[in-house]
Amino acid sequence: MAETKTDSAKSSPPESQPRGGDIDASVIPDNPLSDFMADTNPVPWHKKKKKNALLEFISSCDQPKEQSKFKRRICIDLEMRQYNKNNFSESSFCSSFDDNNGSNISPTKTLSADRRYNKRQRKFNCDICFCGKRNSTSTGATPLEKNEENSIGFEMQEEGTDEGILRPGMVLLKHHLTHHEQVEIVKKCRDLGLGPGGFYQPGYADGAKLRLMMMCLGMDWDPQTRKYGYKRAIDGSKPPSIPHYFSKLVTRAIQEAHQLYNREWRKNYVEDILPSMTPDICIVNFYSTSGRLGLHQDRDEREESLQKGLPVVSFSIGDSAEFLYGDLRDVEKAENVLLESGDVLIFGGDSRHVYHGVSSIISNSAPEELVQDTGLCPGRLNLTFRQY
């Protein structure tokens, strides 16, 4: 949901993952070219000559520090060679966060052989998926632990997270998105997120970082100025367009919400309660399992759009989130609801300016089939659509 505009916060990297660019010296072989030399592909004579020269340089070097630097460079080159060999252009590590030092926070570097970005664009992007399939060991939990944590989530749902009208203008559609639709959304977001204008970690002028990764579609939203534009301030890139497939899902969700009002409130005309809209903006957030978002309002769209109460439509995919909402910016007085993978939340009309936020992400609560089919990293993918 409009889960982009928030209080500044910082995030911490998973201990099991190195930050982008970090190389573990313990795994560097004695001969950093040994794997490269063992390649069965024929090597041109001029490349052999270069490799022999490099090996002579390493053996003759008496300074361990310089030798370590050289090994680091070779290891990075070999890693890129391996990715090219497997037809991958992106790093297999998920996005990382640093809670202790905001200046050190950087998304995982994307290793790309084709150098897709120009000098004004960032040469790194954030990958929301593992390369290949993710299994239970990747999430740090056994299948039994995953089931136990999932049962907690379902108990919360039974306590009151049912599909229906939460308040005038605010509707929750439980499991509205099918498994196939969620897989397509993840794949498309990943493709867009690794290209120009893709995922990055937004922050403020004072250096504070948000506890999420963000990508804007249609128009860019700048957290520092709280304004929309057609170029991203950090690198001048143009936001990707909203896929037509996404827009069709938004229209279907609004229609389903109208039918719900017809059934429960016996209203034949519901546009005054929950107006229709055609999205031209989508803010895509990816929360790590430690991500959160403070209570805030979505009020940076055009005045005409806000006065009409044109709704915000939010898709939730991946791990479940504890969502807060209320008329005041007060956590103690806010209502809460559990948003699970496939849920769609819509708020417009009288609820267009409702305060809302995310208090926590429930680890290992994503559907196992979704994780297997997409390799989605631990965390929650959230798409919020609105009309400027």
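Including glycine, each Cβ sits where the backbone N, Cα and C put it.
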Checking 1-42, 85-126 against TrEMBL, the stretch recorded as region 'Disordered' is 1-42
Between the binding-site residues His296, His356, where is the Cβ count within 10 Å the lowest? His296
Helix, strand and coil counts within the domain 'Fe2OG dioxygenase' (278-388) (DSSP): 19 helix, 48 strand, 44 coil
Inside 10 Å of the Cβ of Asp298 (Fe cation binding site), count up the other Cβ atoms and send me the figure. 22
Local confidence of the domain 'Fe2OG dioxygenase' (278-388) - pLDDT mean: 97
